[in-house]
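**Student:** One structure is given below, represented as structure tokens, and several questions about it will come after.
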Amino acid sequence: MIKDATAITLNPISYIEGEVRLPGSKSLSNRALLLSALAKGKTTLTNLLDSDDVRHMLNALKELGVTYQLSEDKSVCEIEGLGRAFEWQSGLALFLGNAGTAMRPLTAALCLSTPNKEGKNEIVLTGEPRMKERPIQHLVDALCQAGAEIQYLEQEGYPPIAIRNTGLKGGRIQIDGSVSSQFLTALLMAAPMAEADTEIEIIGELVSKPYIDITLKMMQTFGVEVENQAYQRFLVKGHQQYQSPHRFLVEGDASSASYFLAAAAIKGKVKVTGVGKNSIQGDRLFADVLEKMGAHITWGDDFIQVEKGNLKGIDMDMNHIPDAAMTIATTALFAEGETVIRNIYNWRVKETDRLTAMATELRKVGAEVEEGEDFIRIQPLNLAQFQHAEIETYNDHRMAMCFALIALSQTSVTILDPSCTAKTFPTFFDTFLRLTHAES
């Protein structure tokens, strides 16, 4: 391995073997922080992820008057719940980096605030340049139906936004579910604290349903039940208060597990702990995709183990695992026969346009790729056909981690800006290399 701040080169790997304790899930960490802040009582979160996205959420909560204590290794957080909506001084601006899991839920939660003795005031939510390209209009439109006052400060439909503390009335709300499940997650988490009951109707086909399951299960843990009518309509009683569960264990990140599990499916045997058959994360189903391709899978309550098999290409709708599906795109190069990943339009509105980015970088290593509007078709390569390439990562943690798998060929790979993995897995490359054995 050759590593500096701007690039890391991974030399050819002959096999991978070992055990990985997964860092906490980003999706669960930021949901748990927000629910703990709004709940009545003190909550101790364990196995919290220490990453950029979580840091942005923690900083925002501190600015909003939430008190918490973090352990030295930042994996345990004790939060004093407010037991009410947030309040703020007029003129406050929250910088949320490129953290969609902070921007979307906070947008909805801040709309719950009602005029205080200062009367109506505003709060601004902003972030990195890429955040200003990530759509938020479907969420804003839905919140405005419930009485929110939100203004776009630059480009219509995108952050930065200003929110006024007018409160959320509840009522009947229609929301487009076809771009991002985070919009619905944000609305669901705010709805119990609205003034009246809320009926949320989904327009279009709801994407990434397993992420909605995470939200509903976590709301239940914090004392709130939602009636889910076949993912088309959600009924939420208003005027409720979240109750602290006192302790909440953040599961290991199933999306982060995908890189190690895929590497094992190609060339070895790896056990990941912190996520298992009872996980509430949809990305645990990534292991089922590897099994369909020919890998050998063993499930435990708190682990998934994968052992290599003769991998075959697959043609599959992967809308239910959009983040982990990226890992299938690089795994496909090592399978026999073509792979088609379908119904993944929402790759285009993530940290970067992941469909174009993935197609571009796969071609650099020698692959034949067809990029569709909402699918990608990938032809495999023989181990000797891989070409050395410098992989652009587009400030996208998942691009960097996916392309580590290229080193399982007979060719080294150089990954630019490897520190972008700090978004969810700051120690990824060290952890990955600890399990690998070099080609002799």
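Backbone N, Cα and C atoms are what each Cβ position is placed from, and that goes for glycine too.
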**Student:** Select one of Lys74, Lys209, Lys423: the residue that Swiss-Prot places in the phosphoenolpyruvate site alongside Lys26, Gly100, Arg134, Gln182, Arg354, Arg398.
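**Tutor:** For phosphoenolpyruvate, Swiss-Prot names Lys26, Gly100, Arg134, Gln182, Arg354, Arg398; of Lys74, Lys209, Lys423, the listed one is Lys423.
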**Student:** Measuring Cα to Cα, tell me the gap between Asn346 (3-phosphoshikimate binding site) and Arg354 (phosphoenolpyruvate binding site) in whole angstrom.
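**Tutor:** Distance between the two Cα atoms comes out at 9 Å.
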**Student:** Let me check the 10 A CB neighbour count of Arg31 (3-phosphoshikimate binding site). How many other CB atoms are there?
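**Tutor:** Neighbour count, Cβ to Cβ under the 10 Å cut-off: 26.
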**Student:** From the centroid of the CB atoms of Lys26, Gly100, Arg134, Gln182, Arg354, Arg398, Lys423, the recorded phosphoenolpyruvate site, which same-chain residues not already listed sit within 8 A by their CB, in sequence order?
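**Tutor:** Here the nearby residues are Asp53, Asn98, Ala99, Thr101, Asp323, Lys350, Glu351, Asp396.
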**Student:** For Arg134 (phosphoenolpyruvate binding site), which residues in the same chain are close in space, meaning a Cβ under 8 Å from its Cβ, but six or more apart along the sequence?
**Tutor:** Asn98, Gly100, Met103, Tyr158, Pro159, Val349
**Student:** Name the residue among the binding-site residues Arg354, Arg398 whose Cβ has the smallest number of other Cβ atoms within 10 Å.
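**Tutor:** Comparing Cβ neighbours within 10 Å for the binding-site residues Arg354, Arg398, Arg354 has the fewest.
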